[in-house]
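What TrEMBL lists as transmembrane segment is B:6-24, B:53-70, B:77-95, B:115-133, B:145-164, B:184-208, B:245-264, B:310-333, B:359-379, B:386-410, B:436-460, B:481-499 (among others).
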Amino acid sequence: MKHYLRFMLVFIVSGLLLLCSASYIIDPYGIFAHDKDIFPRKVAAADKGRTVKPYQALNSKPFTVLVGNSRVEIGMPPEHAFYQGKPVYNMGLPGAGISMQYGYAMHAINYSDSVKQVIIALDLLDFTSRAENIVTTIDNSGWQWRHEALNSESFADKRRYLAERISLLFSLSALTDSVKTIVTQQNNVNALNRFGFNDGRVYHFHVASEGFGALYQQKAQEIDQRLGSQQLVFNRDSYHLAELDRFITQLKQQNITVYLLINPYQQPYLDQLTEHKLGQHLYDWKEQIIQLAKHHQLPLFDFAISSSLVTDVVAPNSKVVEDSPYFWEPAHYRPAFGDLILNSLLMNNCHQICNLYSQ
Amino acid sequence: MLFNSVEFLFLFLPITLVLFHFLRVRISSQSALYLLICSSLFFYAWWQPIYLLLLGSSILVNFCIANAIYRYRKSWLTILGVCLNLAAIGYYKYSVFFVNNLALLYGSNWQIEQILLPLAISFFTFQQIAYLIDVQRHQVIEPSFSNYVLFVCFFPQLIAGPIVHHSEMMPQFRQGLQISSRHFAVGFSIFCIGLFKKTVLADGIAVYANPVFLQAEQGVALDFFTAWGGALAYTFQLYFDFSGYSDMAIGLALLFGIALPLNFNSPYKALNIVDFWRRWHITLSRFLRDYLYISLGGNRFGFIRRYSNLFITMLLGGLWHGAGWNFLIWGALHGSYLVINHGFTHIRQQYLPFINDGWFAPIAWTITFVAVVVGWVFFRAESLDGALLILSAMTGANGISLPAGLVAQLDFLSPLLQWLNVKPYLGGGMLFVETWVWITILLLLSVLLPNVLQLFYTQLPEQTRKGVTVAHSAIQWRPSLTWAAIISLLLIIALSTLGRVSEFLYFNF
């Protein structure tokens with residue numbers, strides 16, 4: 001029996017070491033910033049952006065930070081002249097409200113002094129509240145501990161932070177995600193790279209198997225469900241505008257160049273906003289954003305207009321991804337559109353795909 | 001403190017073990033027992049220190065009453081003791097339920113504040129009621145207060161059982177604790193298996209059960225596969241959670257040289273409901289049989305009384321699990337199952353001799369398993385409406401749907417899908433596949449693999465094996481290199497889940 005217990009001790013210690021080493025080398029979440037990454041597509045990180053992005057950003061020393069939601073994460077290209085050949089970090093957070101978007105971005109910016117330019121991509125729905133409940137304050141305790149790390153005053157938060165950091169190296173999820181990372185490197189599933197860009201490859205799979213029609217239908221259902229179950233409104237008394245104002249002020253105080261843009265939507269999405277009585281709110285919101293941009297002496301690029309790229313909708317039965325080069329579905333543009341956005345920002349020229357409001 | 005928490009695994013347990021063995025070897029067995037008492041009380045106080053007073057006073061009062069019963073041999077003392085215990089559990093566990101229902105009945109607005117349920121109250125109360133009754137029935141008494149305290153609050157079994165009987169524990173405390181490397185190797189291995197069952201299997205499948213029950217509570221109309229997926233996922237979550245906890249308790253106790261009774265014997269292998277209750281939560285079934293069913297008259301007054309006693313026992317067994325109508329319905333359902341099962345066995349013996357065990361076994365297993373799953377729906381759902389919604393969906397009342405992606409892949413089955421009127425829905429393909437892969441794996445594990453008793457049969461102390469019969473398994477644990485590797489692997493995987501600590505389901509009861 002004593003031999004058995006000794007064997008166990010050896011197995012447990014060596015097993016733990018092996019597991020941690022494997023997670024470190026495979027780096028399933030892209031947080032260890034290896035110079036030569038054997039598995040660059042971080043498949044398991046794609047749905048864990050809120051957890052892994054703060055840690056990814058710490059090691060990426062970005063010159064440019066992109067801020068927004070899933071549209072930015074999936075729609076912006078990882079390479080472009082706008083980035084000046086320097087590292088860029090995509091802090092697009094799917095489904096996150098603006099408080100989280102800006103909080104995460106500030107955390108990345110404050111950690112290193114490398115950030116010199118920030119693109120803030122805006123969305124109407126991120127600035128709305130329920131008609132019967134205009135939110136004036138926001139509780140960030142659900143994620144703030146992640147940024148406070150060991151500086152938090154709460155023991156529970158410190159414990160939570162440590163547990164998360166350890167679990168990203170040693171946990172059942174890290175183990176299965178490491179295996180997933182190796183096995184699905186070539187598969188048509190979404191993956192982040194270590195700079196936070198999502199390659200959106202799952203769209204390739206869906207388009208090839210079910211066609212664009214299914215994607216459009218699903219998105220339309222989602223939007224109808226979200227907007228139909230509650231009346232959303234834009235109200236200037238909610239916390240949103242003040243939050244954006246504060247974020248821009250903080251960036252300017254750190255001498256960071258700020259670019260403001262309104263994300264593009266395809267025509268069916270714009271139509272749905274109108275159907276759900278959000279057309280006027282979109283107009284009012286844009287007015288307020290224009291005022292805010294003026295106040296901060298920033299140009300505003302509005303891509304949420306009916307340009308030719310937006311009105312041209314792919315045939316539903318198409319199963320060829322090239323048939324819709326600029327949009328995956330009405331709510332999410334593709335990196336080709338992201339390229340055009342960055343061109344506009346770089347040239348300070350809209351080329352008929354946006355409205356430019358200069359100071 | 002949870003067995004699957006960092007505090008327990010890396011601080012409490014190692015410190016207690018080291019101190020315990022130091023005291024036992026260098027000073028005395030008695031001092032080691034005192035340490036176990038202190039650490040058990042600390043373990044309990046970790047959750048809510050104030051309720052240590054409740055546990056302490058419950059132990060003290062019951063010890064005094066037991067001595068009084070032994071000395072004066074008055075049955076009213078036993079009744080007093082049982083009533084005091086029932087009053088305590090009644091106040092903490094059932095008062096809100098009864099007041100709310102009375103208020104509903106009389107249309108009044110009586111209200112009492114929700115009381116925080118003291119951890120393990122159902123377990124330590126029942127253990128002590130059994131002790132009081134046995135002092136009266138059999139004139140047995142434990143003179144040592146320290147042994148009595150340890151019998152009630154020994155930390156491996158304090159929170160969620162097994163419900164131990166004084167006749168199993170007291171002799172072990174009195175004999176002094178004999179511990180060998182065999183105890184340690186077997187105990188640690190069983191603990192690792194239990195930890196794996198809880199943290200990897202039960203918590204792994206929980207994510208597929210919880211959202212379905214939540215949706216049902218919100219009134220969402222579920223489809224056939226979603227409802228069955230949720231119900232089956234919970235069926236396996238509960239089993240691996242609770243049996244994992246029981247295995248951990250048995251393993252932990254062995255590390256201290258103490259044998260606990262077995263609590264699970266592969267219940268999902270049962271071929272009828274009677275058999276199921278011989279395999280599921282064995283120590284509770286034993287308690288209900290010895291102290292409730294037999295007290296009600298058992299099978300002594302004809303079959304009608306026997307069946308009513310059985311039904312009442314199960315009804316109260318349901319109420320023991322929680323103060324709610326769903327638990328009562330669950331208990332009533334199992335009471336009815338047992339009555340039907342006994343009735344059928346009688347009829348089969350008399351009139352249906354052609355039913356052969358060989359071909360009937362798969363049918364019997366399926367009926368039993370489905371009946372148990374239906375029961376778990378009531379057990380898990382938070383409201384009656386939620387449970388009925390899931391059950392109605394399980395009958396196919398809301399139609400059958402499959403993820404569109406999967407329907408596209410199952411093109412070769414399209415005539416069958418059309419015949420079944422299967423409707424495709426967008427999204428959710430991955431969730432669907434994961435749910436059913438988990439269910440299939442856990443079903444196979446629970447039905448095909450040997451349980452802890454079978455694996456360690458020759459290594460376990462007599463007290464653990466007592467009263468439980470198991471089929472011999474070809475797979476037997478041995479202190480070999482291979483088993484060391486297997487158990488280490490289970491432990492490493494289990495440890496790797498510690499980032500997501502979750503409570504044990506039976507802590508609620």
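Using the three backbone atoms N, Cα and C, a Cβ is placed for every residue, glycine included.
TrEMBL labels come from automatic prediction, so no person has curated them.
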The transmembrane segment (B:481-499) in contact with the transmembrane segment (B:77-95), cutoff 8 A, at least 3 CB pairs, sep 6+
no
Do we see three or more Cβ pairs under 8 Å linking the transmembrane segment (B:145-164) and the transmembrane segment (B:245-264), pairs being at least 6 apart in sequence?
yes
Contact set, same chain, for the transmembrane segment (B:115-133): CB under 8 Å, 6 or more residues outside the stretch
44, 47-48, 51, 54-55, 58-59, 62, 65-66, 69, 78, 81-82, 85-86, 88-89, 91-93, 95-96, 151-153, 157-161, 163-166, 287, 290-291, 320-321, 507-509
Intrachain residues whose Cβ lies under 8 Å of the transmembrane segment (B:359-379), provided they are six or more past its termini:
231-232, 234-235, 238, 267-273, 275-276, 321, 326-327, 329-330, 333-334, 337, 387, 390-391, 394
Pairs of Cβ atoms less than 8 Å apart decide it: which stretch in B:184-208, B:245-264, B:310-333, B:386-410, B:436-460 has the most with the transmembrane segment (B:77-95)?
B:310-333
